[in-house]
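> Okay, handing you the structure first.
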Amino acid sequence: MSDSKPPKDSSSPSAAVPDVAAAAASSTPTPAPVAITPPSNPQSAHSFAQAQQRLIARRQTRDAQEAARVAAQQSESQLRARIAASQSPLLRRLGASTLSLWDTISSREGTRPAFRVGQVDAELLDEELVELMKGQVGEAVRYYGGGGGGDNNIKHEWDAEISLALRAVIFKLTIWDHDATYGAALQNLKYTDARHTGSVLVPPSKWQKGLYGLMTVGGRYMWSKWENWLREQDGGYDEPSPTVQRLSSMTDRLSTLHAAASFASFLVFLLQGRYRTLLDRVLRMRLAPPTSQVSREVSFEYLNRQLVWHAFTEFLLFVLPLVGINRWRRWLARTWRKTKKIMSTTGGEGAEEKKGEFAFLPERTCAICYQDQNQATNENELMAAATSKTGVVGSAQTDVTNPYETIPCGCVYCFVCLATRIEREEGEGWNCLRCGELVKECKPWSGDVLEHESKSPAQKTVVFADDVKDASDDEQENSQVLVQQEDDDEYPEEEGEEGGEEEEEEEEGSRSLEDLRTESASEESSEQEADSEGDESEDYEAEEEELGADLDED
């Protein structure tokens with residue numbers, strides 16, 4: 001009998017651990033000693049010592065990582081050996097799948113997906129493109145059909161058909177012809193056939209692209225029409241039929257199921273990054289970069305420019321109301337006009353009369369209304385406009401309404417126009433459009449009112465007869481009242497008999513007074529025209545005295 005021990009089986013778990021450790025130890029390269037000569041400069045020597053310390057620290061870190069990796073491999077090999085030695089087939093299969101998934105996730109390269117953000121951005125860009133084109137088509141056909149942009153126009157009645165046509169055209173020009181949508185092309189992505197796992201990307205087949213277009217274009221159209229039909233069958237106040245209720249319930253369940261499946265697929269997409277949507281997963285179509293030569297660089301130049309301009313515009317909107325841009329604008333405009341006038345005039349022309357921009361306009365035309373409604377700025381252009389019958393000089397639109405005149409030049413404008421211009425200048429004055437004077441105030445126009453000139457008392461004294469007539473009338477009335485009272489006291493029995501005679505006498509007296517007043521008024525007017533007011537007033541007083549004497553005798 002020999003003392004030799006039987007050879008150990010290499011497939012046993014106990015033999016796997018030292019083999020893995022030996023392999024890891026043998027695969028780890030041993031760094032060769034490097035002869036380094038220290039420099040003679042003290043500063044260089046100090047930096048050289050620091051570099052050596054950093055190099056030693058890196059080697060120690062690398063050795064620690066290698067030891068940790070070897071220990072992890074040993075523990076993993078032991079776990080795999082235990083799972084393989086398990087008696088349950090289900091446990092062995094489940095453990096192997098779990099370990100395979102863990103290896104895929106924890107490996108350095110992972111699942112090697114294309115950029116998830118790029119794929120999601122591509123989908124968002126495609127949807128925004130469709131919505132943008134729908135908006136443009138809606139604006140184009142806005143006033144057809146119902147008219148006025150209401151709810152009965154073509155955009156709302158044929159919304160599903162418009163979406164179908166747009167999606168079909170976009171699908172033909174993008175995926176069917178170039179294997180990529182516009183959003184995917186902007187992200188440097190293309191659809192590939194995920195059934196092929198080679199290093200060369202294979203474009204999807206025609207049946208894959210055809211099914212993709214049928215589901216994304218035709219499927220969405222049919223689903224929207226189906227939902228619209230169910231909504232119409234609802235009937236509002238009437239209860240729908242049992243068939244419609246069952247169909248609505250089935251539709252809701254399908255929608256819920258599709259939403260749940262899409263959510264689960266999206267979670268898997270976030271983990272693996274292969275299939276963006278549920279349809280891509282079913283058809284085995286994935287987005288991948290067609291070439292790896294294009295580097296992904298993020299530039300913030302556009303974003304920085306937008307932020308700067310946004311901040312600058314907000315600053316201007318905050319500062320301009322405080323600065324008073326209107327006042328500065330008026331000041332600059334006034335300064336520019338004065339400068340032009342000084343440059344255009346010479347020294348001998350300074351004594352000429354000031355003339356405004358619209359001095360050629362007739363008096364009945366408001367220069368401000370004309371400036372707002374007409375482009376003619378000189379007399380030649382005005383005559384041309386009048387000849388072609390296109391001017392507005394003599395129209396009711398430019399005639400002066402509620403005339404007001406400026407102070408001190410006295411030019412006439414509309415009240416609203418003139419007050420608006422003066423108020424707009426905020427007390428700094430407004431240049432008259434007719435004469436060029438600086439206007440700060442205005443007043444009602446007095447052109448239709450004729451003011452009487454008062455004569456000097458040194459030349460002639462005018463006595464008004466109205467005061468004299470009023471005084472004489474009061475005296476006559478008082479005398480008549482006294483006479484009547486005396487007659488009543490002396491002859492109380494004859495009051496009834498003489499009442500009628502007295503009334504007749506009073507009527508005759510009043511008539512004579514009225515005749516005298518009219519005669520005196522006519523005589524007064526004629527006397528004023530002949531400049532003989534003094535003599536006529538004396539005659540009038542004499543007549544009044546005679547009339548009073550006659551009344552006393554009566």
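Placement of Cβ uses the backbone N, Cα and C atoms for every residue, glycine included.
On a predicted model such as this, the values are computed, not experimentally measured, just so you know.
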> Hey, in Swiss-Prot do Ser199 and Asp234 share a topological domain, i.e. the same side of the membrane?
no
> Transmembrane segment per Swiss-Prot: which of the ranges 8-34, 62-88, 116-142 is that?
116-142
> Choose the correct range: of 205-231, 421-447, 448-474, which one does Swiss-Prot annotate as transmembrane segment? Give that range.
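In Swiss-Prot, residues 205-231 carry the label transmembrane segment.
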> Taking a Cβ cut-off under 8 Å, which residues six or more beyond the ends of the transmembrane segment (116-142) line up next to it in the same chain?
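Those are 149, 153-155, 159, 162-163, 166-167, 170, 181-184, 186-189, 269-270, 273, 276-277, 287, in sequence order.
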> Give the three-state DSSP assignment (helix, strand or coil) for Cys366 (Zn(2+) 1 binding site).
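Reduced to three states, the DSSP call for Cys366 (Zn(2+) 1 binding site) is coil.
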> How about long-range neighbours of the transmembrane segment (300-323): same chain, 6 or more residues beyond its ends, C-beta under 8 Å?
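Beyond its ends, the transmembrane segment (300-323) has no Cβ neighbours under 8 Å.
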> Between Cys366, Cys414, which of the binding-site residues has its C-beta surrounded by the fewest other C-beta atoms within 10 Å?
Cys414
> Translate the DSSP assignment of Cys414 (Zn(2+) 1 binding site) into the three-state scheme.
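Strand, per DSSP.
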